[in-house]
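Participant: Sharing a structure with you now.
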Amino acid sequence: MALRSIVVIPHEALNRKAKKINNIDDKIRLLAIDMAETMYKAPGVGLAANQVGELLRLIVVDVVYPYAEGKDKKKDPLVLINPEIVQSEGESVNEEGCLSVPDFGVEVTRAERCQVRCVDLEGNPLNIDAEGLLARALQHEIDHLNGLTILEHASFLKRDLYRRRLKKKTRRDR
Ligand code: ZN
């Protein structure tokens, strides 16, 4: 088990489509465990493989842990392989941030409820009916698998401003 480094904009893995996983082997199992640990450490409520530089359709999500207290606080990550949104309903607007887009927040319109089909780490088919924060987190992470970040949900102006700020910062850090 090891923590992975989270890549940030403009890393190319964040704008590329992840590949379907056909064989759940030890490498995939280890990646899932590492990604969960990395997500808890960050801390965040979700992480997509693209964010640790792996172009594979794998996400981990836990929207309960950060808000739980006492003996209810137990790490129980959802691991989704090849997740697909098969149905969505309603609309909700909320501010989102992303571990791969530091110091940036944007209001993103998402479906209020969605149904996600995937397989778990054992290869068993799984159907998840999600709403609220879980639905939002799943849509955010599946966006990552398709090479999209919250930057693509921002206005051109806001995005441009962020890229300029980023360039300035990189120049300063050199
Ligand atoms: Zn993200």
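Heads up, the Cβ atoms here are built off N, Cα and C, so glycines get one too.
Below are the features listed in TrEMBL for this protein:
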- Glu141: active site (ACT_SITE)
- Cys98, His140, His144: Fe cation binding site (BINDING)
Participant: Please state whether DSSP places His144 (Fe cation binding site) in a helix, a strand or coil.
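Facilitator: Its secondary structure by DSSP: helix.
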Participant: Quick check: which same-chain residues outside Cys98, His140, His144 lie with their CB within 8 A of the centre of the Fe cation site CB atoms?
Facilitator: Gly46, Ala48, Gln51, Glu96, Ser100, Glu141, Asp143, Leu148, Thr149, Ile150
Participant: Using a 10 Å cut-off, grab the number of neighbouring Cβ atoms around the Cβ of the residue listed as 'active site', all chains included.
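Facilitator: By my count, 25.
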Participant: Near the Cβ of His144 (Fe cation binding site), how many other Cβ atoms are there if near means within 10 Å?
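Facilitator: There are 24 of them.
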Participant: Can you name the residues of this chain that are 6 or more positions from His140 (Fe cation binding site) yet have a C-beta less than 8 Å from its C-beta?
Facilitator: Gly46, Glu96, Cys98, Val108, Arg110, Ile150
Participant: Cys98 (Fe cation binding site) has how many other Cβ neighbours within 10 Å of its own Cβ?
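Facilitator: The answer is 25 other Cβ atoms.
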